[in-house]
């Protein structure tokens with residue numbers, strides 16, 4: 001009796017609305033799941049598929065608006081129609097049941113199932129979906145364009161839909177996942193990590209410190225220059241008038257190769273100098289690399305904010321941050337610490353220079369100390385830990401289960417450090433206190449609470 005009161009066209013309209021709701025929802029999933037790079041590849045290949053994808057990529061905002069307008073229209077119409085039919089058959093009290101039933105049907109058959117299917121068949125469904133949306137886009141052109149214009153006016157550049165973007169965090173996550181699952185080689189993982197970290201690295205993190213810079217004096221004779229080159233086989237040397245601050249330029253070794261005997265006897269180093277190039281310690285190495293490439297220089301002196309020379313950096317140093325150590329014919333064949341180093345060595349203690357950079361400490365010994373604007377070397381890290389205290393020979397600092405013993409300190413400059421794997425809190429204490437701790441029944445030199453409380457440094 002009640003069924004006869006439902007018109008056939010109403011059933012057809014209701015079913016059509018549910019189908020269109022599913023199609024629009026699936027279209028949204030297809031639009032968001034299409035791989036933009038793959039789509040561009042298909043566009044370059046040409047054909048009807050390429051033209052369809054090109055039409056979509058050129059109008060992403062319009063397509064998304066078409067989907068949202070169409071989906072909302074059919075869902076609202078379906079809800080209204082279902083409510084009308086239910087009220088006619090039963091009573092106005094049944095409107096809540098009608099809304100709930102409509103919502104359930106749309107959720108299952110108009111959202112979940114279509115979107116799940118569309119995501120797994122995005123490329124296959126892309127062309128039919130785009131053709132379908134093109135038809136609606138043309139029919140609703142004035143409305144769609146009006147909505148897109150309003151959104152762009154309101155949100156500005158943020159309203160632009162440019163497709164799925166892969167962020168740096170996404171890449172880092174994929175690299176970490178690949179590393180855990182061993183799907184790519186460890187060397188490739190290191191290379192990817194280096195590339196991702198490259199924009200963060202500052203000059204001060206990788207520069208050769210001032211103490212290690214070897215320069216030639218401006219009044220040097222030809223023979224003394226040759227002697228310096230033989231002792232330290234580099235291709236370029238800074239030339240200074242007395243102090244490093246009085247930098248006059250760089251001498252390229254090849255300039256001396258073809259000098260005639262007369263020129264060697266009347267040797268004037270200033271005639272062979274290249275213009276000096278300076279960078280600042282807080283500059284990012286990516287920018288420095290671009291500058292050095294543009295200027296065609298391979299070596300630059302590093303200044304601090306006061307204009308004092310604090311180090312030197314080369315193009316090779318920057319490139320090595322990505323590709324690792326590059327050995328050339330002049331590099332001595334090191335009995336590489338990193339190759340011979342074993343984790344067991346850390347238990348007995350390893351000796352390093354205070355000027356060793358934190359990045360080298362990690363690459364050679366796998367000891368990772370977070371980089372900080374206050375320091376970039378191991379000695380800088382220790383001085384930061386000590387705070388207002390002066391470094392003393394024999395002093396020991398404990399951090400994250402590692403002890404840093406100051407083996408050699410000269411004029412308050414930390415020259416040599418012994419790092420050992422121990423257990424303890426973050427604090428420091430003097431050699432005398434360490435001896436006291438051992439005599440109190442701690443032969444391994446591990447800290448007692450009494451010793452720790454005497455001088456505690458919070459990190």
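Quick reminder: no glycine exception, Cβ is built from N, Cα and C everywhere.
Note that the coordinates shown come from a computational prediction; the quantities given were computed from them, not determined experimentally.
According to TrEMBL, the features are:
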type	residues	note
DOMAIN	3-188	domain 'CNNM transmembrane'
TRANSMEM	12-31	transmembrane segment
TRANSMEM	63-89	transmembrane segment
TRANSMEM	95-114	transmembrane segment
TRANSMEM	135-155	transmembrane segment
DOMAIN	207-266	domain 'CBS'
DOMAIN	272-332	domain 'CBS'
REGION	430-459	region 'Disordered'
COMPBIAS	448-459	compositional bias 'Polar residues'
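Residue counts for the domain 'CBS' (207-266) under DSSP (helix as H, G, I; strand as E, B; rest coil) come to 22 helix, 15 strand, 23 coil.
Within the domain 'CBS' (272-332), the DSSP-based counts of helix, strand and coil residues read 21 helix, 17 strand, 23 coil. Mean predicted confidence for the domain 'CBS' (207-266): the pLDDT average there is 81.
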